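As given in Swiss-Prot:
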type: DOMAIN; residues: 2-119; note: domain 'MTTase N-terminal'
type: BINDING; residues: CYS11, CYS48, CYS82; note: [4Fe-4S] cluster 1 binding site
type: DOMAIN; residues: 142-378; note: domain 'Radical SAM core'
type: BINDING; residues: CYS156, CYS160, CYS163; note: [4Fe-4S] cluster 2 binding site
type: DOMAIN; residues: 379-442; note: domain 'TRAM'
Amino acid sequence: MKKLYIRTFGCQMNEYDSDKMADVLGASEELVKTDNPEEADVILFNTCSVREKAQERVFHDLGRVKHLKQSNPNLIIGVGGCVASQEGDAIVARAPYVDVVFGPQTLHRLPQLIAERRHSGRSQVDISFPEIEKFDNMPPARVEGASAFVSIMEGCSKYCTFCVVPYTRGEEVSRPLDDVLAEVAGLAGQGVREVTLLGQNVNAWRGEITRDGGEQGDFAFLLECVAEIPGIERLRFTTSHPREMTQRVFDAYAKIPKLVSHLHLPVQSGSDRILAAMKRGYSVLEFKSVVRKLRAARPDLSLSSDFIVGFPGETEEDFEKTMKLIDEVGFDASFSFVYSPRPGTPASDLADPVPQETKLRWLARLQKRIDQQAQAISQAMVGRVERALVEGLSRKDATELAARTGNNRVVNFVGNPRLIGQFVDLTITAALPHSLRGEIVTTET
């Protein structure tokens, strides 16, 4: 039996795409996944170019599998994702042992690219943007577990000055409603009970309701439709953009109980001057207005965010405004990074860089503050009963189970493994730095 090894870098969109690569090659090549690259017949790296370190790590990992190609000339090594889109032929020039290079929109062509590589003996590169063609060429999803991702749109048309996504994934393209609903229904039929809708700007979905054109639906309508699918008990989405938060989305939080009380809403900075330089399209006041409306609809809403510190020209005053916003909003988790210029983006040409030591100092302060807020929120949950989906065995102790609450907290507890994939009610007994402890109250069958 031939085997496939996939190494995934970056965001949840990449995790979803990696699953699709496995589906495509499983259907066409009868490949089964392995966690050991040493025994693989095909090795794929699904890459991320959002951060500089992630990009360099790809080439480091490619170097680590080079010897496998030398011992097994039939081994196929491929590079996909955003680094592939950005670098293209340059990947083969830097690592000639790479057989195929493909972008996020051409992963469905993997079988053809591999076949052509074997036939011609030449490395194959396809980093075009054929919009949603890839979704028309996917076999039915194969899943394990009670949670799954579903991509509802691809690309980004916001062109923030620091970001490479529009250049590596293309502009925004929404999937038709019937396609999305068919995929979710298929997952529900396999036992999935929680679905996360994915997109670079997921709430910008404005796709056609049907393939014959005409009527358009907005993101709130899509949420309503997905929530009605039998078997789906919990609904998440990521990543959202503050500019796309409409009153209808606020209303969805008030009237769709299946929509979880957690939202990832990237703000990037608390300074209007820096937000304008980033071309984010909103002010701090407008962002706080979005938060107020969300919490008016769902008072217990938990918010996580993205922050970039050390953007060109950022001052101590700008950074303190970010810290003030963190205190005012009460974020309880974040993906925060020091700014690193990405080739080809407008921000990479900006002068007045912030010293690295200043960036690191700011980052440490920001992360510490959010960790403190997260711990306070977790501590307030102690004694409460939380409904949680049991995801699997605990990473900390394989004799225990791990479940996830609606506000995205992991709870470790003692329970029967047969509960995996079910919802349980848990009394929260302790708040640890990165997880909760709980005791089971009731179970669902």
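Including glycine, each Cβ sits where the backbone N, Cα and C put it.
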Query raised in the report: Which residue counts does DSSP give the domain 'TRAM' (379-442) for helix, strand and coil?
Result: 6 helix, 34 strand, 24 coil
Report task. Average the pLDDT scores across the domain 'MTTase N-terminal' (2-119) and report the rounded value. Result -> 91
**Report entry** Rounded Cα separation (Å) that holds between CYS11 ([4Fe-4S] cluster 1 binding site) and CYS156 ([4Fe-4S] cluster 2 binding site)
**Finding:** 14
Query raised in the report: How many other Cβ atoms are found within 10 Å of the Cβ atom of CYS48 ([4Fe-4S] cluster 1 binding site), counting all protein chains shown?
Result: 21
Query - Cβ neighbours within the same chain of CYS156 ([4Fe-4S] cluster 2 binding site) - under 8 Å, at least six residues apart - result: CYS163, VAL165, PRO166, ARG169, GLU171, GLU172, GLN200, ASN201
Report task. Whole-number Å only: compute the distance from the Cα of CYS160 ([4Fe-4S] cluster 2 binding site) to the Cα of CYS48 ([4Fe-4S] cluster 1 binding site). Result -> 17
Report summary line: Secondary structure of the domain 'MTTase N-terminal' (2-119) by DSSP, residue by residue, totals 67 helix, 22 strand, 29 coil
**Report entry** Cβ-Cβ neighbours of CYS82 ([4Fe-4S] cluster 1 binding site) (radius 10 Å)
**Finding:** 27
